[in-house]
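As written in TrEMBL, here are the features:
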{"type": "ACT_SITE", "residues": "53", "note": "active site"}
{"type": "ACT_SITE", "residues": "56", "note": "active site, nucleophile"}
{"type": "ACT_SITE", "residues": "266", "note": "active site"}
{"type": "SITE", "residues": "241", "note": "site 'Linear diubiquitin binding'"}
């Protein structure tokens, strides 16, 4: 229905009921998807559909991170956090070509101020939700936030900018001979993103507009948020890649968020972890 389409995150539905509706046929693909959903249903009771635009990886990850947060992460607390835009712009003039929410041709100062507003909003919303004790109230606050289009899309701009900042740090670390995670080499080994400037022009500027996140950018998102993103990749059922972790050697102490994908393009979220049966 139209109203449901407008919802960024649809209400929860039983995971196997959803699977039966979506995958009825007897093709090999349908059989594999059903097996994949059965495996997920061992751990989670329900699924929530995520609105399928080019922000869906950011949307699903942020929603899961906020719905289970209990404290404001350290990186969000640092005093320098909101100074990021002006600090980066003072060093890298090309950031002026950052594309903000379909508005082109801004002056440098405006971009810096606007991104700063988005970062402040991210910190504020994260803090407010982390302080809510009851799980039901926390979920309601997340639902409400993801029904507010203006705030929601502003938060995605903040995430994209944090991804750019992380990419710049990794790129500089590598150039200065420091150890960087393997995905960072892969990120900058692409013809279209051999440095952070190209990454911004050819990838980050397009996220949400004409493209979503590629696999290697899921790693970048995980590092930017300092969360491990665990993804059930249903079409990879019965292979080593069925459950993929970004990063694959998670940092200790990073919270874990779980997503589901059927094709590495669109992500939904599993909810209601099943109680482990006590034998």
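Backbone N, Cα and C atoms are what each Cβ position is placed from, and that goes for glycine too.
TrEMBL entries are annotated by machine, without manual review.
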Rounded Cα separation (Å) that holds between residue 266 (active site) and residue 56 (active site, nucleophile):
6
Given residue 241 (site 'Linear diubiquitin binding') and residue 53 (active site), what distance in Å do their CA atoms have, once rounded to a whole number?
25
For the residue listed as 'active site, nucleophile', the number of neighbouring Cβ atoms whose distance to its own Cβ is within 10 Å equals 22
Looking at Cβ-Cβ distances, which residues of the chain lie under 8 angstroms from residue 53 (active site) while being 6 or more apart from it?
208
Within 10 angstroms of the C-beta of residue 266 (active site), the count of other C-beta atoms across all shown chains comes to 18
